[in-house]
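What TrEMBL says about this protein:
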- 12-32: transmembrane segment (TRANSMEM)
- 52-72: transmembrane segment (TRANSMEM)
- 84-104: transmembrane segment (TRANSMEM)
- 116-140: transmembrane segment (TRANSMEM)
- 152-172: transmembrane segment (TRANSMEM)
- 203-225: transmembrane segment (TRANSMEM)
- 256-279: transmembrane segment (TRANSMEM)
- 299-320: transmembrane segment (TRANSMEM)
- 332-359: transmembrane segment (TRANSMEM)
Amino acid sequence: MFTWNPKTHFYLRLVSLICLVLFLIFDCYWAIFHPMPKFANLGYGDRASVYFAYFTTQTNYLVAFYFLIYLFENKFKNTKPHYIIRLAVTTYITITMLVFWTGIFSQASEPNQYDLWRWIATVILHLVMPVAMITSYVLTAGDENYDGLKHHYLYLWLIMLYMLLYFTFTIIRGTLRQWDGKDPISWFPYGFLDYTKEFGEELLVISLVVIFTIAILLQYFYIWINNLLYNRYHKPENPLPKQKCNKRCYQPARSAIIGGAIAIAITVANMVICALMIFGNLEEFEYLHLSFSNKLTLVGFFTISVIMFVAMIVCYVYILRGRQLARIAAGLLMMSLMFFTWIWLVGPILCLASAIMIFNGKEIFVGDNPPAEKAKQPKKIKQHQKNLS
């Protein structure tokens, strides 16, 4: 396992924590007294309310609180926070990073609201802090092998509870502010939560399904990283030599084959739609009723779709050969593609449906193939018999 000099480790974390706390205090001050142009007409109380309603703000404060707990537990108790706490905070801040950079920031009007400090704060809140937390998780993971099945029954829904409460509270808060006649800009911190606009309810449901699904997948991804590091750090000193054994043969399930074909079709459709919007007039696509971004962002979406298409073709070839890892990789690719198909309303739904079909398409065992030496043995015997005759 990765180890630090204890004294260096303590002071490095202490200085980082002090800088983080000072930054969060100054960011709160700046948001209230020097707001973005769209919040300039709000009162000081409303500005503070909007600031703390952001998932970004809350998760960054959670990260700061986590580092504070870690600092003192490590210093005075020689321990660290429970693994579930580390997993939960890492999942939340990763959601903050992914949703912002792939959805919110790509909206055409969002970057226009940023001055120099907002740019600095945005990079710190949505990139530096998530990367710091993920790095901390990786450096402190691997001290125990975590049971994914136990997590599913005991802790998965506990971690999801905070996100459920956050979105429930935020929607209720926005509704009450609407009834009170508050400025519409202060109703909901994120546009996809505004169910009052046209097609808002559909967008809200799709967005929540995508976010909650990604949050669940992230938990198992980080558990996999933890167990991978555990196996690496706890290798036996004298491992037993590997023995040749029969190769198990599998054939793909029908749902995996169909789901993979749908996934390829989705990537092609996303490329076509992005290309039409890039080379056409964006005003022609107003029927989508989404605040999609400028053409530069669409070029990025198109590039990602091309990469996803190539990757899906490779995965699909191995899915047809009954390879489990290829099926899992294809499912994860489709979950990731949901972030880049929101420009057409049914895109995320189709991505989710194909991912579920792929994940549920467990390979079917059809038999064993003998090792290569045994497979060649009958041929040698026949050659020997031929020489004798």
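Each residue, glycine too, has its Cβ placed from N, Cα and C.
Source: prediction; values computed, not measured.
It is 116-140 that, among the stretches 84-104, 116-140, 152-172, 203-225, 256-279, forms the most Cβ pairs under 8 Å with the transmembrane segment (12-32). If you look at the transmembrane segment (256-279) against the transmembrane segment (332-359), you find at least three C-beta pairs under 8 angstroms, all six or more positions apart, and that counts as contact. Sequence-remote contacts of a segment are chain residues at least 6 beyond its ends whose Cβ falls under 8 Å from one of its Cβ atoms, and for the transmembrane segment (152-172) they are 53, 55, 58, 84, 87-88, 91-92, 95, 188-189, 193, 195, 204, 208, 211-212, 215-216, 219. When Cβ distances are compared across the two stretches, the transmembrane segment (299-320) makes no contact with the transmembrane segment (203-225), since fewer than 3 pairs at least 6 residues apart fall below 8 angstroms.
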